[in-house]
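Notes follow once the structure below has been shown.
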Amino acid sequence: MTEPLLKLNAVCKSFGTTDVLSDVSLEVRAGEVLCLLGDNGAGKSTLIKILSGFHEPSSGTMEAGGKKVCFKSPRDASSHGIATVHQFGGTFPLMSIGRSFFVGAEPLKGLWPLRRFDRKLANSIAVREMQALGITRITDGDRLVGGLSGGERQALAIGRAVHFGANVLILDEPTAALGVKEAAHVLRLIMQARQKGIAVVLVTHNVTHAMTVGDHFAVLIRGALAADFHKGERTREEITDLMAGGEAMAELEAEIEAYQLAHHGHTPEPAELERLTHDPSGP
Amino acid sequence: MAVQAPAAPAPARPLVSGASVRNLIRRPETGALIGTVSVFVFFAIFGGQQFLSSGGTASWLNVAAELGIIAIPVGLLMIAGELDLSVGSVLASSSMTLAIVSGHYGAPMIIGIGAAIALGLLTGFLNGVLVTATNVPSFVVTLATNFGLAGLTLGFSRVITGTTSVAIEPGSPDKELFGTLLADKFEVAVFWWIGVAVVVGWMLHVSRFGNWIFAVGGDTVSARATGISVRNVKIGLFMGSALGAALVGVIQTILYNSAQVANGQSFVFNSIIAVVIGGVLLTGGYGSVVGVVLGTLTFAIVQQGIYYTGWESDWASFILGILLLAAVLMNNTFRRMALSSSTKKKA
Ligand SMILES: Nc1ncnc2c1ncn2[C@@H]1O[C@H](COP(=O)(O)OP(=O)(O)OP(=O)(O)O)[C@@H](O)[C@H]1O
Ligand SMILES: [Mg+2]
């Protein structure tokens, strides 16, 4: 097996007194889609913020290409070829396509001190990269990003990462707000990136999406790594179960069992079940 | 094959008029231009010949120039998503510094001006460091520095000079450079304003730094993810707005041959009004220098034009209030349009 591109060793993260991640060890490999699964607040976004240099781990270490690294800022992470599209963002709605594509890496023309942003070149490259990802409707790089659909924006962000030679692409819920067709397109883009040998870390709440593109799955439950397995090692039901927090489901089953014992084998009526699941004190 | 035939015919260009209308709406200064032209026509009608005379023109141009030198860098800061309410005290403290160093102590003007500018830059730097290090909204941080610095200025002026107003006698060439009247009417500040607009306009719209400003104001998290130093961009912009305020402090001191501790507080809100009327979004991420220049002109025309109508000057504030509200609504509408207009499906 090849060297992992990124490796986390027993990483913990706490904000003040709240422990958000505890003892997470993970490997991210080239040409592999790692799906990060877990309930709301499980710590997925926090984990990828550590991978992308936004947060430093409270304890534990990180390795990139076999060498120990310490990302002090997102810039450090990008210099290791890690590109991130954050939840609810990733693009600048009121900037033009060309400008937002090149933020932080603007092509320049002219001589110092009159070096200036090369708008034409930026626009043409941005449009070309988007076309290469199958977004053929976009022909004008001066258009505002805010006027693009959600899928087109994800394509812009992914195209950007690919263009700047990222070897790890981190996507936080890229399909969350998308329709079926747009989501399918984004999944196809993920496969395309994978084929290029890029490692993709994908956060999603959608089991179907995860099962469609995932090679490797990691499930977080309240900040701890509850499961870490490869494609085909678990059934769809097991994954769904884990994503819903596994134990939450187990608890519910236990409660139903207790109910059955107390009520001579009757299963609870729907209304009763509703009360059971919402009233933590239980019967 | 020298010329490659296109695989498919290029998509038909949309009607020129349609495209240019959309381009016009996309520009942040369109609304600002409408505002400036409207108020100009309004006061040309009700202010009459007097308003249109060179004296009338000078009266609003001078107000616009001083306000504009501050409003342009404040606008940049607002595009980056931050506010600066400390420009009033920066102006006053720089003004007093110059008057005390070169007037009270009689040091060479260059030293007084240097000290005034340096004090402004230092305040801006502090604002930037405080905002970026604490994540406290800049609204609060700069409000605090505005009060703190006002107190320091008053305190030191009393201790050093015993008064709150210090005289100064600037000679050549400082008088000509900063505080003379051309043709007996026009302040040299007008040229400073043009200079600031050109330099900052270049920075925002042509240089790479401008791209970072838009990115920081558009989405700070994503901007950080691209590797931009959000901190440095913001600190630089806070220093810029303070520099503008300090420059106006120097200009006023040399123009009026004196400095008062209470000077400049009107610039705090006036600069924000000019910026917003100029089409900069309060939420950041969008705006232009031309827009801010137009917003400043609108503000000055209303404030000065009222004197030529023979009406009470109170009405100027009323008109400005209406304009401000209209501008905010228009800017918001624009924002919604830009964010919702999804890709047009063309045949
Ligand atoms: N900067 C912070 N300071 C304090 N607590 C934080 C901070 N960031 C995240 N948390 C907490 O850490 C926990 C995990 O948050 P995180 O955003 O990583 O969850 P998530 O798995 O991405 O959830 P979702 O699926 O809703 O996006 C939450 O309880 C959150 O309140
Ligand atoms: Mg999240």
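Just so you know, glycine gets a Cβ as well, placed from its N, Cα and C.
Note that TrEMBL annotation is computational and uncurated.
Pulled from TrEMBL:
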TRANSMEM  B:32-52  transmembrane segment
TRANSMEM  B:58-78  transmembrane segment
TRANSMEM  B:109-132  transmembrane segment
TRANSMEM  B:139-160  transmembrane segment
TRANSMEM  B:190-214  transmembrane segment
TRANSMEM  B:235-256  transmembrane segment
TRANSMEM  B:262-282  transmembrane segment
TRANSMEM  B:289-309  transmembrane segment
TRANSMEM  B:315-334  transmembrane segment
Criterion met for the transmembrane segment (B:262-282) and the transmembrane segment (B:190-214) (at least three Cβ pairs under 8 Å): no
Per Cβ pairs under 8 Å, the stretch of B:109-132, B:235-256, B:315-334 packing most closely against the transmembrane segment (B:32-52): B:315-334
Stretch of maximal Cβ-Cβ contact with the transmembrane segment (B:58-78) [cut-off: under 8 Å; candidates B:109-132, B:139-160, B:190-214, B:235-256, B:315-334]: B:235-256
Positions whose Cβ lies under 8 angstroms from the transmembrane segment (B:109-132), at least six residues beyond its ends: 82, 84, 86, 89-90, 93-95, 97-103, 138, 141-142, 145, 149, 168, 170-171, 174, 230-231, 234-243, 245-247, 249-250, 253
Same-chain residues near the transmembrane segment (B:139-160), Cβ under 8 Å, at least 6 residues beyond its ends: 83-90, 92-93, 96, 100, 104, 123, 126-127, 130-131, 166, 261, 265, 268
For the transmembrane segment (B:235-256), distant same-chain residues with Cβ under 8 A (at least six beyond the ends): 66, 69-70, 72-74, 76-77, 80, 82, 84, 86-88, 90-95, 98-99, 113, 116-117, 119-121, 123-125, 127-129, 131-132, 138, 168, 170, 174-175, 178-180, 187-189, 192, 196, 200, 213, 263-264, 267
Beyond the flanks of the transmembrane segment (B:190-214) by 6 or more, those residues with Cβ under 8 Å of it: 61-62, 64-66, 68-69, 72-73, 76, 79-80, 178, 223, 228, 233, 237, 240, 244, 247, 251, 285-286, 288-290, 293
